[in-house]
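What follows is one structure encoded as structure tokens, with my remarks underneath.
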There are 4 protein chains.
Amino acid sequence: MSATYGNLFQITIFGESHSNAIGVVLDGLPSGIAVDFDKIKTEMARRAPGKNKLSTPRSESDVPQIQSGIFNGKTTGTPVCAIISNTNTRSQDYQPELLRPSHADYSGIVRYHGFNDYRGGGHFSGRLTAPLVFAGAIAKQVLEKEQIEVLAHIKNIGSVCDAALDYAAPDVELLRKIKSETLPLLDRAKAAVMENEILAAKSEADSVGGAVEAVVIGLKPGMGSPFFESVESRIAQILFSVPAVKAVEFGIGTSFSQMRGSQANDPFYIQNGEIKTKTNHNGGINGGITNGMPVVVTAAIKPTPSIGKPQETVNIKEMKESTYSTHGRHDPCIVQRAVPVIEAALAVAVLDMLLEEKTYAGTI
Amino acid sequence: MSATYGNLFQITIFGESHSNAIGVVLDGLPSGIAVDFDKIKTEMARRAPGKNKLSTPRSESDVPQIQSGIFNGKTTGTPVCAIISNTNTRSQDYQPELLRPSHADYSGIVRYHGFNDYRGGGHFSGRLTAPLVFAGAIAKQVLEKEQIEVLAHIKNIGSVCDAALDYAAPDVELLRKIKSETLPLLDRAKAAVMENEILAAKSEADSVGGAVEAVVIGLKPGMGSPFFESVESRIAQILFSVPAVKAVEFGIGTSFSQMRGSQANDPFYIQNGEIKTKTNHNGGINGGITNGMPVVVTAAIKPTPSIGKPQETVNIKEMKESTYSTHGRHDPCIVQRAVPVIEAALAVAVLDMLLEEKTYAGTI
Amino acid sequence: MSATYGNLFQITIFGESHSNAIGVVLDGLPSGIAVDFDKIKTEMARRAPGKNKLSTPRSESDVPQIQSGIFNGKTTGTPVCAIISNTNTRSQDYQPELLRPSHADYSGIVRYHGFNDYRGGGHFSGRLTAPLVFAGAIAKQVLEKEQIEVLAHIKNIGSVCDAALDYAAPDVELLRKIKSETLPLLDRAKAAVMENEILAAKSEADSVGGAVEAVVIGLKPGMGSPFFESVESRIAQILFSVPAVKAVEFGIGTSFSQMRGSQANDPFYIQNGEIKTKTNHNGGINGGITNGMPVVVTAAIKPTPSIGKPQETVNIKEMKESTYSTHGRHDPCIVQRAVPVIEAALAVAVLDMLLEEKTYAGTI
Amino acid sequence: MSATYGNLFQITIFGESHSNAIGVVLDGLPSGIAVDFDKIKTEMARRAPGKNKLSTPRSESDVPQIQSGIFNGKTTGTPVCAIISNTNTRSQDYQPELLRPSHADYSGIVRYHGFNDYRGGGHFSGRLTAPLVFAGAIAKQVLEKEQIEVLAHIKNIGSVCDAALDYAAPDVELLRKIKSETLPLLDRAKAAVMENEILAAKSEADSVGGAVEAVVIGLKPGMGSPFFESVESRIAQILFSVPAVKAVEFGIGTSFSQMRGSQANDPFYIQNGEIKTKTNHNGGINGGITNGMPVVVTAAIKPTPSIGKPQETVNIKEMKESTYSTHGRHDPCIVQRAVPVIEAALAVAVLDMLLEEKTYAGTI
């Protein structure tokens with residue numbers, strides 16, 4: 001618990017990798033939003049596996065089937081449910097007693113007293129991010145109407161880093177353009193090097209981690225609250241539910257810890273009659289509240305724990321030490337597929353906060 | 001919103017730096033807990049300012065006055081309210097129109113339409129962490145009964161780092177011992193260097209950031225949930241409400257992004273009939289659920305924005321660019337004072353999750 | 001908002017009368033519960049229409065299709081999603097501009113800015129109680145393991161009343177037995193009279209209201225909380241979401257307002273070493289907390305607003321006064337079909353509170 | 001749990017009858033509301049005891065002391081905390097082992113494992129409604145700005161009924177005028193009879209119950225949601241937390257159960273270009289959503305269980321049957337004092353829903 005996120009725009013996620021379907025319920029959507037299904041398809045495709053040698057060959061059509069909440073192509077305002085069938089499931093021999101290191105096998109067995117669906121990772125599967133991307137795709141369409149956009153790039157994969165994002169003035173055009181790339185990078189020249197980093201890991205039956213840096217454009221100042229629902233709190237809550245995310249940073253994040261105040265502070269100035277900051281180290285948030293600058297957040301993605309290399313583990317049934325290597329389909333790197341997921345999670349959080357903002361932004 | 005955190009153990013915080021009082025309501029505490037007021041006093045004192053040259057000279061007695069919920073020295077099980085009077089408030093001339101860079105002045109003015117109490121930072125003041133420490137002090141006493149302990153040290157201040165914590169087998173005795181230190185460090189030899197780092201910043205009318213690394217000992221495996229209330233989500237939500245926290249990492253956190261799976265994965269083994277991991281890169285959490293290893297979390301604390309150095313800013317009343325330097329009392333470094341605050345926030349989150357665990361840990 | 005009910009056992013409902021499907025997500029179920037699908041079928045059948053001349057001839061198979069959360073016949077502990085297809089939908093000419101009196105047509109149009117799915121009542125349709133009955137059927141199976149049972153009878157339909165229930169010692173055997181009746185009554189002799197009451201309304205193209213009285217057996221004392229989650233608050237919240245419920249009473253309910261304390265108070269006594277009350281006017285709840293006596297609650301069900309008789313109304317498109325009479329399929333009385341719905345809602349509320357009770361019932 | 005009510009306007013209540021203080025935290029208030037303290041005082045006085053022979057002689061000054069959230073006489077938008085000191089507490093000999101029938105003594109002892117503060121009823125005391133009245137007094141001032149008013153009268157005390165309220169066109173002027181009466185009645189002629197009803201109970205060392213009928217004027221159509229936060233659900237949740245409330249009815253409430261649809265339905269018509277209903281049996285709510293007519297709700301108040309007459313009970317310490325009669329100060333009737341409490345609870349619920357309405361009322 002809780003499978004539900006959000007205060008006013010609430011999403012409820014369900015499903016296991018090999019259950020009949022995975023899906024999501026979206027509650028609190030404004031009514032009358034014309035849903036662009038092509039855009040949803042595009043977002044789903046960005047996350048989908050099986051497209052190239054960088055990801056798992058498991059191929060899923062991943063078409064969200066709308067059960068409710070959309071009528072004549074528009075949101076009704078009542079809950080939207082979409083399910084995505086699990087079709088390409090392999091009936092293989094699972095050995096749930098062999099705990100896969102750094103996966104949720106052990107913690108899941110204890111949590112659910114051994115009754116969890118272990119097939120394909122069950123409810124812990126990265127596949128559960130598909131309904132999240134659907135939710136995000138809808139949320140983005142609502143945000144668009146208020147000129148708010150969520151964009152992202154790969155900050156690094158292993159030791160290969162993309163060019164630095166300008167936090168105070170991100171290149172929005174470029175960020176939009178790279179959305180369709182397999183490796184969305186500000187510096188296209190890094191694509192080949194990064195691909196090699198992934199393929200090198202793959203060739204060694206290994207995997208590699210990375211980081212996704214995302215930016216929210218168009219947020220007005222004054223959104224959020226100090227305790228306990230700071231913009232950082234709300235965003236971090238959902239990002240830390242995305243499998244494999246192990247660190248969340250706002251603005252320059254961990255780098256703050258090595259800085260002086262005089263370096264870190266963002267000086268205010270006036271631009272076209274609006275208050276802006278010259279730098280944006282704080283990632284657009286002061287005191288938990290937006291200051292009108294782009295919101296910048298980075299999520300560290302751990303290398304997928306599924307690797308071909310043999311690993312030490314425990315057979316929990318026999319309570320004996322053992323070894324394990326992944327033989328099934330898996331990704332050498334999930335960072336590029338995580339980009340639309342992080343965007344989606346952000347979009348969901350931002351829409352929720354935006355709705356809440358309507359309750360205090362106006363004058364009563 | 002929301003001033004309330006938690007599902008089952010709920011804390012509600014209130015107050016401004018110069019209002020009559022600050023305080024907190026604790027709901028959902030187990031009944032019959034004998035409250036040790038000396039321990040509360042000790043925790044409050046760890047956070048309190050004015051003790052040495054490393055922090056602001058504002059001296060507050062910070063004695064929480066219990067209004068309700070404790071009877072005959074024990075928790076009743078109904079809400080505990082404690083208030084802390086604001087006594088040492090200076091009646092100085094505030095210039096709320098001069099936006100202090102990287103403080104919440106601007107975002108706060110927009111958020112609250114200019115009606116927020118600006119004196120001493122108002123509701124955004126670090127002073128609001130005092131009731132949080134009180135809440136944590138109570139939570140710790142409940143956790144203690146279940147052999148759960150929250151411990152922390154300063155990971156670094158500026159460029160000065162403490163010795164590395166052994167995530168798989170932290171030195172609990174040492175961590176307990178350093179609680180009473182001004183600079184709680186694993187390597188005592190670093191204390192003088194670190195103090196100099198702070199004093200150097202102070203002497204230049206500047207401030208310096210740092211990081212606090214905390215560990216939760218004694219958690220059984222199986223606590224938490226994948227979506228959307230992973231252990232990471234719940235902890236990050238409250239940590240990101242602590243003023244100045246800009247990054248939260250679990251286990252090795254951001255370092256995951258540069259690693260291979262074979263390096264990052266934590267191999268399972270059996271120790272005294274229990275399943276353990278050899279390393280603890282994941283910080284005791286897999287799939288959002290505890291795995292029985294110590295939970296390790298790091299919070300990056302930005303340098304306090306209040307510095308004596310002149311900074312560029314905007315006079316929002318006149319909508320003109322201007323300069324600002326802090327003249328009042330302020331801390332050159334808040335990292336050491338943040339240690340008990342981070343511990344307290346963690347204790348609150350852990351107690352809340354622990355209560356929830358009771359609903360799924362047993363067999364129905 | 002919110003389509004989600006509950007703190008620990010959370011149900012999220014979705015669907016419209018003529019959308020692809022209606023359904024529900026159940027989160028927080030204990031893992032390892034063997035699901036008895038026959039029992040679910042029985043509960044669904046109790047609510048289903050089209051069985052006799054007392055209800056609408058719309059016939060729905062209403063088979064909940066499990067999408068997730070059940071593996072090898074047992075709950076996994078992760079969210080269960082069930083959908084029920086909308087198959088028997090008539091493609092008739094709807095006139096949403098003619099506001100049906102006492103239905104949600106007008107309030108719904110304003111609430112959703114005219115984008116709500118009006119076909120068959122859309123999200124407001126009584127059909128949405130089918131997923132609620134599914135949720136209740138699962139909840140009941142969990143409650144059963146703790147010897148808790150939810151039972152109900154028709155208190156009255158129009159002017160025809162059933163025999164009085166003994167609040168302090170309800171006839172549990174009888175209540176179990178009447179579950180399968182079309183009109184579940186304590187006094188079987190009343191069935192024919194009551195049926196006539198319904199058929200009389202039907203013959204006059206009219207409908208008739210009634211009340212359902214439910215009892216929860218097996219609850220231990222000490223469940224619930226004074227503010228703001230009294231047992232009454234939690235149960236009333238969900239009951240008042242059931243379409244057509246307009247009053248909720250606990251114990252003798254409204255009758256309290258005409259009584260003296262000396263008549264109303266429930267004297268305590270000891271029975272087999274346990275504290276009991278001689279009468280149970282308070283319906284098993286004192287101060288918002290169970291006292292170990294049966295919890296008794298009554299829900300008043302208004303006559304279904306769909307009647308054949310012509311009614312005065314407004315054509316909202318033309319903003320002209322007009323008349324309306326229901327021509328489609330509808331129920332002359334929904335009270336008998338509401339019995340399993342009220343039971344289900346109660347079961348959901350009780351399971352949620354029961355899980356919460358585990359957090360304070362034990363000693364920490 | 002939970003001591004907190006509300007989604008956007010959240011109130012958190014604390015205190016025991018004889019603890020240092022009782023109080024409340026209000027979160028989510030709009031900023032910039034000029035607080036009229038005289039109006040607060042008036043509301044507090046309406047509830048306060050000790051004013052006449054109809055209520056307990058315990059006299060409390062009941063002055064809410066503002067701790068935070070109000071600056072320069074206006075709400076800051078951050079949490080308001082107010083505490084009310086418990087001054088007039090008698091140091092009498094309590095016998096918590098003698099369970100007072102129909103009070104929360106027994107259920108409370110079990111719920112809190114005997115650690116609850118039993119003095120004066122502790123957290124269950126009707127005294128806890130004082131902070132609720134404070135919260136309501138603030139909420140009313142916000143509602144006033146949107147031309148929304150909460151008004152109430154005594155529907156009946158024992159067998160003495162007030163004149164009927166016209167649900168479709170309540171006499172607002174009259175309802176405002178009677179606010180200051182000891183017994184707020186539409187028909188002043190009933191005051192003496194009703195007073196006699198109370199005094200008769202008093203003279204027999206007994207108490208008497210009653211009902212409060214309240215009306216909310218000025219709500220636009222379109223507020224609320226079908227599942228699970230219908231207007232009825234939200235209001236009932238808070239009303240059923242008010243001690244002694246045992247039934248909640250909307251519109252004609254329980255009377256619906258005896259009616260035909262043709263009688264019960266509220267016909268629509270057009271008045272001055274607005275859609276209205278001729279009758280208002282539904283109490284302004286259809287499908288859980290306001291329809292623009294006055295919201296009408298009735299709360300049944302049980303006779304206060306504290307009576308001088310001897311009652312059968314149990315001595316829980318000795319587990320022996322015993323007798324009990326109240327000797328301390330108590331009210332023969334609490335209905336008249338409940339009027340401002342019911343209004344306050346309603347105002348809190350309505351403000352919360354009104355804030356939420358802002359998230360869906362506009363076009364995105």
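Glycine residues also receive a Cβ, built from the backbone N, Cα and C atoms like all the rest.
Those TrEMBL annotations? Automatic predictions, nothing curated.
Quick look at what TrEMBL annotates:
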{"type": "REGION", "residues": "C:46-69", "note": "region 'Disordered'"}
{"type": "BINDING", "residues": "C:R47, C:K53", "note": "NADP(+) binding site"}
{"type": "COMPBIAS", "residues": "C:53-69", "note": "compositional bias 'Polar residues'"}
{"type": "BINDING", "residues": "C:H123, C:F124, C:S125, C:G287, C:K302, C:P303, C:T304, C:P305, C:S306, C:R329", "note": "FMN binding site"}
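Recorded features from TrEMBL, shown on the structure.
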residue: C:R47; record: NADP(+) binding site; DSSP class: helix
residue: C:K53; record: NADP(+) binding site; DSSP class: coil
residue: C:H123; record: FMN binding site; DSSP class: helix
residue: C:K302; record: FMN binding site; DSSP class: coil
Mind sorting out which of the binding-site residues C:H123, C:S125, C:K302 are close to chain A, meaning Cβ under 8 Å from one of its Cβ atoms?
C:H123
How many whole Å apart are the CA atoms of C:K302 (FMN binding site) and C:R47 (NADP(+) binding site)?
17
Cα-to-Cα gap, C:T304 (FMN binding site) vs C:R47 (NADP(+) binding site), nearest whole Å:
15
Neighbouring C-beta atoms (10 Å sphere around the C-beta of C:T304 (FMN binding site)):
28
What is the interatomic distance between the Cα atoms of C:K53 (NADP(+) binding site) and C:S306 (FMN binding site), given in whole Å?
16
Taking each of C:R47, C:H123, C:S125, C:K302, C:T304 in turn, which of these binding-site residues have a Cβ less than 8 Å away from a Cβ in chain D?
C:H123, C:K302, C:T304
Output, ordered by sequence, the same-chain residues six or more apart from C:H123 (FMN binding site) with a CB under 8 Å from its CB, or 'none'.
C:G15, C:E16, C:S17, C:N116, C:D117
Name the residue among the binding-site residues C:R47, C:K53, C:K302 whose Cβ has the smallest number of other Cβ atoms within 10 Å.
C:K53
Neighbour count, 10 Å Cβ-Cβ cut-off, for C:S125 (FMN binding site): what number do you get?
23
Pairwise CA distance, C:S125 (FMN binding site) versus C:R47 (NADP(+) binding site), rounded so that it is a whole Å:
14
C-beta crowding around C:S306 (FMN binding site), within 10 angstroms:
24
Between C:R47 (NADP(+) binding site) and C:S306 (FMN binding site), find the distance joining the two CA atoms and give it rounded to the nearest Å.
18
